[in-house]
Amino acid sequence: MGSENSALKSYTLRESPFTLPSGLAVYPAILQDGKCASVFVYKRENEDKVNKAAKHLKTLRHPCLLRFLSCTVEADGIHLVTERVQPLEVALETLSPAEVCAGIYDILLALIFLHDRGHLTHNNVCLSSVFVSEDGHWKLGGMETVCQVPQATPEFLRNIQSVRDPASIPPEEMSPEFSGLPESHGHARDAYAFGALVDSLLPIFNEQVSADVLSSFLQILHSALLNPMPECRPALSTLLSHDFFRNDFLEVVNFLKSLTLKSEDEKTEFFKFLLDRVSCLSEELIASRLVPLLLNQLVFAEPVAVKSFLPYLLGPKKENAPGETPCLLSPALFQSRVIPVLLRLFEVHEEHVRMVLLSHIEAYVEHFTQEQLKKVILPQVLLGLRDTSNSIVAITLRSLAVLVSLLGPEVVVGGERTKIFKRTAPSFTKTSDLSPEGSPMHVVCSQQSRVSKVLEDPSSNVFPKWLSGNVPSSSRKRIQEECYSSLSQTGDQFSHTIKFPMNGLSDVKNTSEDNGSFPAGSNKPEEWPDWSEPEEPEQQPASIHRWPREPCDVAESQHTNLTAEEVTWDDGEASFGTEINSTATASAPVPVTSGGQSTSAALVPLTEESKPLQSSPSSKTSHRQHEEVKPPQVSQERPLKAPSGLGLGEEFTIQVKKKPVQDPELDWFADMIPEIKPSGTFLILPELRTEVMVPDKDNVSSLMQFSSKFAATEMTEGEAEGWEGEELAWEDNNW
């Protein structure tokens with residue numbers, strides 16, 4: 001009261017006023033803080049009446065009494081500022097029968113409060129003293145005529161007769177012998193006026209209230225309230241229990257007003273069936289009168305209300321929702337009545353309120369404007385990220401996901417964004433081979449499938465069983481790679497080399513010149529030996545030393561067949577644009593008889609600057625069945641620049657020509673005569689795929705081209721193997 005008066009600084013009158021029958025002008029006004037108000041302008045000569053009215057409004061506080069804000073004296077009169085209200089005479093045409101019934105009930109409560117609590121009498125209960133607030137409640141005004149029961153003398157009544165409604169004056173006051181009412185019947189004057197007011201409003205209920213209830217209420221009005229004898233008029237509190245005031249709307253309103261006084265069982269029963277009771281009411285009545293009572297902290301704290309009723313109030317009706325219980329309000333009413341209430345609730349920092357609001361944010365968030373979302377909703381939602389409650393943080397994150405679709409990620413997330421996750425469509429099904437059976441593509445697919453099965457299962461029975469014995473690891477690895485290479489070959493039907501991109505370069509052309517030659521498999525390059533050698537100077541020429549084998553028995557030499565496979569070397573590095581093609585013709589092995597030994601070596605130039613191949617006899621071992629192979633030393637010169645006419649990667653292509661030979665695996669199981677296979681020396685270049693020349697008995701020469709870009713290369717040696725129990729003695733010479 002006092003704070004409201006001191007806080008008020010100014011107001012602005014709006015629009016044209018409404019003039020009451022008593023001559024009082026009512027102006028709508030806007031306060032300085034933006035709130036709405038009403039200003040009653042009295043004439044200066046009525047200052048005493050205004051002071052009395054202001055005094056009663058300040059001291060009497062009831063929901064059904066007009067709320068006082070301030071009183072000032074202006075040039076045009078005395079201004080009494082109250083809450084924003086509208087005269088009942090103006091608003092009556094827009095009210096429904098349920099609202100009128102609730103309004104009558106409000107005035108009844110206000111009079112009971114004056115009589116029982118204040119021991120006062122209003123003395124002017126009529127249509128012009130009743131006002132309708134913005135929330136639909138009826139307010140009793142005209143407090144300038146209020147006085148205590150003993151003070152209602154005939155003289156006082158004559159002084160206020162100018163402002164009183166003639167229809168509200170009881171018949172006893174017309175008698176010249178009237179001297180006043182006893183204090184025990186001080187309510188009789190207001191009871192008569194209230195009966196007259198209700199009687200004028202009853203025609204509105206002709207079709208809305210049952211005939212029995214309406215006739216019963218009319219009988220009470222005429223026989224009790226409008227009784228000419230003041231002693232026969234009962235107290236107004238006796239009307240509260242009449243069936244006229246028992247309807248769904250009024251009962252819901254009364255229950256919600258006294259929610260804090262109800263027990264848990266009463267609240268559970270009420271909210272459990274609230275949806276059924278409210279569904280029969282008009283949407284306008286629900287929006288104007290029930291929404292403010294239902295959307296508050298008290299109702300949000302009731303679990304039954306949150307589960308059974310609020311979901312139907314926190315969202316508008318949807319046109320296409322078959323099989324679902326529709327919401328209570330249309331989108332237009334939801335926008336005008338519910339959204340303002342929700343905006344205020346988002347500023348309430350109570351956990352249970354925020355949980356309910358965010359749980360149903362998808363249903364109503366689209367009805368906020370962009371400005372409301374940015375200035376009110378988003379800042380309030382973001383506060384939940386810093387809360388200590390895990391449930392608040394979790395539901396806040398889900399709500400932010402909803403806001404992203406409306407405000408955009410730049411507004412919700414903020415800051416610059418970068419592309420982190422790429423759009424990919426992985427295929428989890430293998431491409432089936434639909435090519436013809438005899439086509440080259442079909443052969444390639446078959447080879448790849450055969451090789452992949454072996455690579456995936458190295459423990460399969462593809463390799464000979466004698467590899468699992470006491471065979472050196474380097475020899476076992478070489479033989480396994482030969483088996484891998486043989487699996488990828490299909491004979492003379494397909495002579496194209498399968499090439500795969502190396503180091504990101506896929507422009508490698510086919511190096512097969514002879515269509516009848518055996519195809520070169522795409523073997524995996526061998527791993528480098530574990531020994532370390534000092535780097536050799538770059539300018540040294542490359543040389544290959546072929547060491548002759550020791551003489552063996554005739555029986556052993558007849559069954560000895562050293563085979564190797566042809567391997568294509570591809571250099572995957574494209575940073576060097578040079579190529580040096582070197583050819584080496586290897587002579588066929590010469591049979592050794594028991595009468596002596598002969599050594600032959602073919603000297604083949606590898607490059608223009610390379611030295612001839614030199615052969616030197618090897619030292620015999622102490623044991624007859626062992627042989628010694630000296631690791632050759634190979635050095636390369638720095639590659640020269642090749643002509644610029646070659647394509648990308650062609651300078652690293654190694655071309656090999658050879659005649660087709662029979663499957664080398666057939667010789668491995670030729671007979672069971674124990675023998676010692678002489679070692680074969682293979683040239684291993686780093687990062688290149690190797691192909692081993694397979695000499696036959698007819699002294700077939702092969703052509704091998706390789707790149708000499710590296711300064712030093714390593715050599716691997718083929719190991720000799722024999723029957724189980726035989727040992728081989730190895731000596732490292734000339735390192």
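Even glycines carry a Cβ here, placed using N, Cα and C.
When you go through S175, S435, S439 in Swiss-Prot, the residue listed as phosphoserine is S439. Away from its own ends, the repeat 'HEAT 3' (333-370) comes close to residues 283-284, 287-288, 291-292, 295-297, 300-301, 306, 310-311, 313-317, 327, 376-377, 380-381, 383-384, 389, 391-392, 395-396, 398-399, 402-403, 406-407 of its chain (Cβ-Cβ under 8 Å, at least six residues beyond either end). Averaged across the repeat 'HEAT 4' (372-409), pLDDT for the predicted model comes to 92.
Per DSSP, the secondary structure of the repeat 'HEAT 2' (285-323) breaks down as 23 helix, 1 strand, 15 coil. Counted with DSSP, the repeat 'HEAT 4' (372-409) comes out as 34 helix, 0 strand, 4 coil.
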